[in-house]
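**Student:** Sending over a structure as structure tokens; questions will come in a sec.
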Amino acid sequence: MSSTCPGLYCGRTTINDSVEGECGVCPRGQRTNFEKICEECSRSPELYDWLYLGFMAMLPLVLHWFFIEWYSGKKSSSALFQHITALFECTAAATVTLLLNDPVGSLYIRSCEVKMLSDWYTMLYNPSPDYVTTLHCTQEAVFPLYTIVLIYYAFCLVFMMLLRPLLVKKIACGLGKTDRFKSIYAALYFFPILTVLQAVGGGLLYYAFPYITLVLSLVTLAVYMSASEIQSFKNLVAKKKRLVVLFSHWLLHAYGIISISRLDKLGQDLPLLALVPGPALFYLLTARFTEPNRILSEGGNGH
């Protein structure tokens with residue numbers, strides 16, 4: 001019997017021999033081969049898999065930093081400590097998640113190969129061989145790329161609730177009693193959103209995250225430079241914070257380019273990293289020509 005469901009076996013599993021023709025769901029950490037026999041996933045994740053996990057791990061960290069900066073105020077000395085604490089929380093959560101994943105106690109993880117989009121949504125491919133009985137084959141065919149992200153988000157939330165309130169209460173003296181915890185309240189909103197996003201759209205994000213990273217990094221950099229009124233190199237280097245933001249976006253540019261190219265051919269793909277400074281340079285060179293006051297003044301003069 002054949003099936004389009006990657007988590008459904010028919011015949012013999014690698015754990016227990018079943019009756020010929022009997023079908024069922026593969027145990028966690030296994031998926032079917034071409035003969036519909038369950039095999040244990042023992043391969044290491046590919047570079048693209050690690051890049052996907054890195055993208056999903058960066059999402060809460062970037063959101064933490066954004067809301068910390070948003071609610072801390074320009075004169076708050078607590079922002080830096082909160083940024084460092086958020087980085088520590090996410091790093092600790094990632095480490096604990098890897099240690100608890102199979103094999104337990106090791107930072108090494110084993111994974112199943114992702115072959116197609118349907119591997120992420122096995123619950124939608126329950127076959128009915130006789131058009132009467134439905135064989136349920138809901139299983140993590142992309143082990144552990146689906147659940148490891150959800151576990152990581154849970155630990156991020158736990159570490160944040162253990163560390164951040166105490167830190168904010170001690171050092172965020174420049175903020176009001178209601179404002180100092182707003183970055184934590186924001187996290188209580190975006191963590192459920194990220195969880196639903198991974199649960200529902202994990203497969204789509206797996207294939208789209210390189211382009212999402214590249215587009216969002218370009219858009220946010222342009223918005224930041226416009227809002228900060230950066231129109232020349234002199235404006236850019238006037239504050240260290242602006243350089244930090246610029247280099248952070250450059251890292252995201254490079255991350256997106258590497259994810260798209262996958263570095264399959266180093267000789268052809270590495271030169272693409274030279275394009276990383278391109279958007280910022282283009283903005284600085286053309287910003288003066290698109291300055292609104294200049295356009296309005298020239299329009300008023302009839303040019």
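Placed from the backbone N, Cα and C atoms, the Cβ positions cover glycine too.
Dumping what TrEMBL says about this protein:
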TRANSMEM  50-68  transmembrane segment
TRANSMEM  80-100  transmembrane segment
TRANSMEM  143-163  transmembrane segment
TRANSMEM  184-205  transmembrane segment
TRANSMEM  211-230  transmembrane segment
TRANSMEM  242-258  transmembrane segment
TRANSMEM  270-287  transmembrane segment
**Student:** For the transmembrane segment (211-230), what are the same-chain contacts with Cβ under 8 Å, counting residues 6+ beyond its ends?
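**Tutor:** Those are 55, 205, 236, 242, 245-246, 249, 252-253, 255-257, 259-260, 279-280, 283-284, 287, in sequence order.
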**Student:** For the transmembrane segment (143-163), what are the same-chain contacts with Cβ under 8 Å, counting residues 6+ beyond its ends?
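**Tutor:** Same-chain contacts beyond the ends: 28-31, 41, 45, 49, 52-53, 56-57, 60, 64, 85-86, 88-90, 92-94, 96-97, 100-102, 109, 111-112, 114, 120, 184, 187, 191, 194-195, 198-199, 202, 206.
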**Student:** In the same chain, who gets a Cβ under 8 Å from the transmembrane segment (184-205) while lying at least 6 residues past its ends?
**Tutor:** 52, 55-56, 59-60, 63-64, 67, 71, 117, 119-121, 142, 145-146, 149-150, 153, 156-157, 160, 164-165, 168, 212
**Student:** Which residues of the same chain, at least 6 past either end of the transmembrane segment (80-100), have a Cβ under 8 Å from a Cβ in it?
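**Tutor:** Sequence-distant neighbours of the transmembrane segment (80-100): 57, 60-61, 64-65, 68-69, 72, 106-107, 109, 148, 151-152, 155-156, 158-160, 163-164, 167-168, 171-172, 183.
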